[in-house]
Amino acid sequence: MTMDRSRDVSQPVERLSGNERLKAASRRLRGDIVEGLADPVTGGISPEAQQLLKFHGSYQQDDRDLRDERRRQKLEPAYEFMVRVRLPGGVCRPDQWLKLDELARTYANGTLRLTTRQTFQFHGILKRDMRKTIQGMNQVLLDSIAACGDVNRGVMCSINPHLSALHQQVYELAKATSEHLLPRTRAYHEIWLEQEPVAGSGEEEEPIYGPTYLPRKFKIGFVIPPENDVDVYTQDLGFIAIVENGKLEGFNVTVGGGMGRADNEPGTYPRLADVAGFIRPDQVVRVAEEVVKIQRDYGDRVDRKHARFKYTIDDRGLDWFKDEIASRLGWRLEEPRPFVFTTNGDRYGWAQGDDGCWHYTLFVENGRVKDTADLQLMTALRTIAAVHEGEFRLTPNQNLIISRIKDTARARIQSLIEAYGLDSTVRRSVLRRNSMACVALPTCALAMAESERYLPQLVTKLEKVMAEHGLAEEPIIVRMTGCPNGCARPYVAEIAFTGRAPGKYNVYLGGGFHGQRLNRMLLENVGEPVILETLTPIIARYAKERVPGERFGDFVIRAGIIREVKEGRDFNG
Amino acid sequence: MAVVHCIPGKQPLLVTKPDASSQTWTGPLSPEQAAQLEALVGTLTAEQALWVSGYLAGYNARARVAAPATAVVPTAQPVTILYASETGNAASLAKKLNERAKAKGLATKLLDIADYRVKDLKGERFLVVVTSTQGEGEPPTSAADFYEFLHGRKAPRLEGLKFAVLGLGDSTYEHFCQTGKDIDTRLEALGAVRMVERVDCDVDYEAPATGWIDRLLDQLVRELPPAEAKIVAFPHVAAPAVAAEPLYDRTNPFQATVLENLRLTGRGSSKEIRHVEISLEGSGLTYEPGDSLGILPQNDPELVGELIASLGLEGRPDLQEALGRDYEITTLTGRFLAGWAELSGAKALKELVADPAAQKAWLHGREIIDVVSAFPVPGIDAATFTGLLRKLPPRLYSLASSQAANPDEAHIVVSTVRYDSHGRSRKGVASTMLADRVRPDDTLPVYINANRHFRLPTDPDAPIVMIGAGTGVAPYRAFMQEREERGAKGRSWLFFGERNFRTDFLYQVEWQRWLKDGVLSRIDLAFSRDQAEKVYVQHRLLERAAELWAWLEEGAHLYLCGDAEQLAPDVHAALLRIVAEQSGRGPEQAAEYLKTLQREGRYQRDVY
């Protein structure tokens, strides 16, 4: 079979998308970022530098609440930067927490954002403070390299607090994978840490990526069943831990998941990953590298909307992938092993690991760590970090675990949790604790509607409906994003909303409770009154007609309210 | 003022109109008038032509004819195609249209609507707009300025314009293609003539858009036979030598309509600096960059009321009016203090009057209301009180606009003065009037105050260095507008200072554009409060000493505008140091060098 290679890296860069030419000419991701930082006339940097900046873990944004007002004032948009930390598996030390907290209050908008991919984001950093922020992170051995951009992004890992030894093993692999897949360019060190260029600067070899890196972003997640907290099926590359008799035997490898789509473009769709085979723990890093290289070689570099690994897999087929990886490895993946997922949410409150350490999972609404009149969350966590000797873990649901607390320290942590009222957060409604929103307005340039600032209000209204129908204790996965790109993984939620315009959303139903099924659009471009009018009778029916144990997402399909989506290509059908 | 720009003998005055009849186009003149004019112009020397242009300018001004600043001569832009794109679809359709129009031999100009100068709209003859619509029916960000201008009170009549609009949208939105509809309707309302019916395209826009392009091109070819389009552009000549008598002055101010009044400093700023635009339409008033606008302010009615109450003179509407309009009721003078000491017999006041040093200290931060309320004079009559007052003087603001660029407008920059002292909130008379009580469509009594000592070089090629802080940037905006409008080639360099970059970079986007377009060659900025150590304009001057010296030696004209107490002496000291260090002169010779520049008009100051 002849292979169509007309859209991939084998072509001259002139035939590929503008971003490919930009990467090729960027001197290994340097471009004119340094010049842009030095330009005193604008708070921003050039459009080309903005593209390259992503590879350094940052986006140029602007305060969209002020955009129109400033235009009239003959001022440029209030440019500011988001910086995303690279934090494999979401694990950080207390001294690192304290530093990030300090940087957030000194240079960012005074808050820390825990993300859906288990890391921190700073928002609102001014151009002149960018180096100071990144150098501050560097002081505690944190960086933002490849946290965004057309490379392997932050690697996720289940936070399972019960199986401590297993978590440690899988986490170490996640970290090793993240380190191994880092770009080799020293651009980051030169630009942000102001290190002197060494020989070969601008021409560094990129043994894994090559000079044009990947066609698009690439996401990896490690998951420990039965909790599918990382939503492994939404990852480009996933590793499902297979544990037999308490021992980590290896991983089922999943390929080709991804959320992003565009409105009115039926060629774009979310896709759940396929399970491709089984590998041993010592084969993980090698397999990750080869999968990344397959996407490097065959991914679509002409159309960025068709450049994710999911389309490469869908266009060429899983069998092609299995053959391709086998030819690169010199051996075939083994047959997948059985596993079972039951949920993708977090369990809150105290839990004890098998090593005797304690873990306290906090609910952090939409991942925003800040002080409000009601809850001094940021101050509380700073106080805890100052005395805590274990670690913190950021969950894939934007929550936080105060982790690895020794038996002797538990009482002290508990008293701080109580003193600041953090225990109240884990008593929020089940619906709220299973809800998740992306950042959206006012900082994200892609947002078309509110998300983080609005979902809590909508949940309050849905809570009322749930309570009226006796469903107050019933978990439903609710997710919202401000645009169709899917940062909060909306397309696997049981109820999802994606923004279309201020106050207007698409509504989706029927995702699987543990992320095993895509949902489908029920309503297009509607406002809150229509959302509530439509959902209320469906929730009422669920209360009356469900069979014991039946999840909401399963019910709406069985009841014929929405047609099941069997695969990504069927999403728009 | 009307200026006919032409160079006799070198270019024909009349332009062949690009239409089927192939007759010569004579603008607003009848063919006979045009022939007479051309016959006369053909005999003139350059000097005579200059005089004639000035004569016509003065003639028009005296006749109180409101006319555009320049006689509009058609230039090579028969079809202007603007696109307002969110996702790139509108842009690609506009490009397609542009290519096909060119293939048909039509002269076109394709522009992102964000880059379009709205003041060119008045001179357009054929305009095509391809626009998408945002979420709830708003225009795309790139079209916001155009949209606002078109729908605002400054939109010109467009009788001479033919247009076509293509809308792009998504019919699942309630306000489907709203921006296209709005622009289409508005252009017609302004008198323009629609060439082809608007089409509102849905997500699958290809077919309807292509049909619309076909129809439009057919129509354009009928309107504008390509071979006939023969275009001649006219170069500018210097400004007219004859100045008209001003029609309005401070004793007879023009009642000008306020067009715009907005805060320039962004949210979170420690300053409140405003941009005010007023209409001079119908006034015949003319000004040049460097001139000032005089405003006759009125006092705060609340303060007037408080004062009247303190005097015990309530119930006197005539006094209310006089104190509001005619008298200065804030600034405390020695004369008032002495008079009030007599009237009140207050020992404390008498002692102050006898001790000039103590008086000066006491006056600081105090106003008339403080004296009147602290030392009451029971039974005082209104005439006695007003007898101690001064007339309310007009306030002058450096004009921030060029009349060549904004024929019927005057723009000013005003820093609002508010502070607390001795337990009271104080308000600048004119600045808070503008900030708190004047809205668009209100009228203001104004006049022009010429400043012959703050002028652009007559040589458009001469380099200029503009130094200013805060509202001192105003005349430089006028300079840039003027130089851009005149196509001046001289290099220019701005030094600007304020407190914070994010909120206080006055006219930021305009400076950015001038820099990008080469109208402004260099810029150095000093924001004093963005870092631990204070950085001011003079520090930037010293950092650039060598280059600055080179500019001076190459004949640059130096301008300084802004605060007289801090900025002016500090900048002057920095200049002295630069001249001394760079040229090896001693302090006295450096001072002499700057004095010579001042005598030659190459170092001009407008400080206040």
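Start at 1 and count along the chain as shown; that gives each residue its number.
Heads up, the Cβ atoms here are built off N, Cα and C, so glycines get one too.
The region 'Disordered' annotation in TrEMBL covers A:1-21. What TrEMBL records for A:79-135, A:352-419 is domain 'Nitrite/Sulfite reductase ferredoxin-like'. Annotated domain 'Nitrite/sulphite reductase 4Fe-4S' per TrEMBL: A:177-332, in sequence order. Sequence annotations record features per position, and here TrEMBL assigns [4Fe-4S] cluster binding site to A:C438, A:C444, A:C483, A:C487. TrEMBL lists A:C487 with the feature siroheme binding site.
Features recorded in TrEMBL, as mapped to the structure shown.
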residue: A:C438; record: [4Fe-4S] cluster binding site; DSSP class: coil
residue: A:C444; record: [4Fe-4S] cluster binding site; DSSP class: coil
residue: A:C483; record: [4Fe-4S] cluster binding site; DSSP class: coil
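Most other Cβ atoms within 10 A: among the binding-site residues A:C438, A:C487, that distinction falls to A:C438. Listed in chain order, the residues near the [4Fe-4S] cluster site other than A:C438, A:C444, A:C483, A:C487 are A:V439, A:A440, A:L446, A:A447, A:S451, A:T481, A:G482, A:N485, A:G486, A:A488, each with its Cβ within 8 Å of the site Cβ centroid. Listed in sequence order, A:Q61, A:C438, A:G482, A:C483 are the same-chain residues six or more apart from A:C444 ([4Fe-4S] cluster binding site) with CB atoms under 8 A from its CB. Helix, strand and coil content of the region 'Disordered' (A:1-21), in residues and according to DSSP, is 7 helix, 0 strand, 14 coil. Mapped onto DSSP classes, the domain 'Nitrite/Sulfite reductase ferredoxin-like' (A:79-135) shows 25 helix, 18 strand, 14 coil.
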